[in-house]
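Here Swiss-Prot flags GLU90, ASP112, LEU114 as Mg(2+) 1 binding site. Under the heading Mg(2+) 2 binding site, Swiss-Prot lists ASP112, ASP115, GLU279, citing sequence analysis as support. Among the features that Swiss-Prot reports, substrate binding site is placed at ASP115, GLY116, SER117, SER118, ASN207, LYS273, with the record citing sequence analysis.
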Amino acid sequence: MRRVTLTQFLIEQQRAGRVSADLRLLIEVVARAVKAISVNVSKGALAGVLGEAGTDNVQGEAQKKLDVIANEILLQANEWGGHLAAMASEEVETVHQIPFDYPKGGYLLLFDPLDGSSNIDVNISVGTIFSVLRFPEGEAEPTEQSFMQPGREQVAAGYAVYGPSTQLVLTVGHGVHAFTLDREMGSFIYTHPFMTIPDDTHEFAINASNARFWEEPVQRYVGELQAGKTGPRGKDFNMRWVASMVADVHRILTRGGIFMYPLDEKCRAQGGKLRLMYEANPMAMLVEQAGGAATTGRERILDLMPTKLHQRVPVILGSRNEVERVTAYHRES
């Protein structure tokens, strides 16, 4: 059986008119950066990359050494290619401009360089999330405003999960496809075509330690799940929580489920916990392309108009029937 590489897959997408040559090359550069990050993650303590870096990011969170390393790898890999007008990183406060001595292109790249980095020191799966937008026509120079586009305008989105194997999960608007890194070949191999999320599920992911802070619709929904066969749902559910969005969403894309980081009293002043541009939008695009749904509990995530680069929102995504049920509970409240 012929093994198809990521490059071959993207060339076929280009021939079918689904991606431009520049977008294809941009995704390949991101994939090369992912390989480099994967090497650093897998070495761990052997390379002295565990622990905190001694600095805080724009979110006020203590950075891990690998946060800083992954961020630099992505910035440096993508600066020179000529495909980008600018970049934005969850770890950096302002827009990252392309140096003057490099050519500029027609796309904007956003990324969370190392999602779930609090898990690094305990050897649990982490990941990289990315999103691609078009640079608005008619603008001379990219600014923060250039990035203020709803998630439905994304032309590509994806993530890498660094687990027992490294996988790159990608959509360019025509289904969700996963590629597994063959370390001997040095290539991503097409292993999971057209990933789909079932409409129904028996698994849910939420940080139950925050239960006392949840709004009533979420308390009602989770309470019904916990009641199991003897409750209103008439079946048992299992709870899963990795505290790494990439790992939790990857499980949902693989076998279904619902992921929730809802609005609660702890994060109400911030608008939510997760970042719209770096986490919610790309994951929402992937989930919808796989047949699932993604909302804040009140609105479709991909319809939200961002107002700032590091905006936070509630996130509820996964199996369509469950997401619609939670959203209905919010409407009723």
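Glycine is treated like the rest: Cβ placed from N, Cα and C.
Within 10 Å of GLU90 (Mg(2+) 1 binding site), counting CA to CA, the binding-site residues SER117, SER118, GLU279 contribute GLU279. Within 10 Å of the Cα of GLU279 (Mg(2+) 2 binding site), the following binding-site residues from the list ASP112, LEU114, GLY116, SER118, ASN207 place their own Cα: ASP112.
Take the binding-site residues GLU90, ASP112, ASP115, GLU279: by the count of other Cβ atoms within 10 Å of each Cβ, the lowest one is GLU90. Taking Cβ-Cβ distances under 8 Å and a sequence gap of 6 or more within the same chain, the neighbours of GLY116 (substrate binding site) are ILE124, SER125, VAL126, GLY127, VAL242, ALA243, SER244, MET245, VAL246, ALA247. In the structure shown, the C-beta of LEU114 has more C-beta neighbours within 10 angstroms than that of any other entry among the binding-site residues LEU114, SER117, ASN207, LYS273. According to its DSSP assignment, LEU114 (Mg(2+) 1 binding site) is in a strand. With respect to their backbone Cα atoms, LYS273 (substrate binding site) and ASP112 (Mg(2+) 1 binding site) stand 14 Å from each other.
With ASP115, GLY116, SER117, SER118, ASN207, LYS273 listed as the residues that bind substrate, the site has a largest C-alpha separation of 17 Å. Separation of the C-alpha atoms of SER118 (substrate binding site) and ASP112 (Mg(2+) 1 binding site): 14 Å, rounded to the nearest whole number. Its Cβ placed at the centre, SER118 (substrate binding site) has 16 other Cβ atoms within 10 Å. Other residues of the same chain near the Mg(2+) 2 site, with their Cβ within 8 Å of the Cβ centroid of ASP112, ASP115, GLU279, are GLU90, PHE111, GLY116, GLY127, THR128, ILE129, TYR159, MET245, VAL246, LEU274, ARG275, TYR278.
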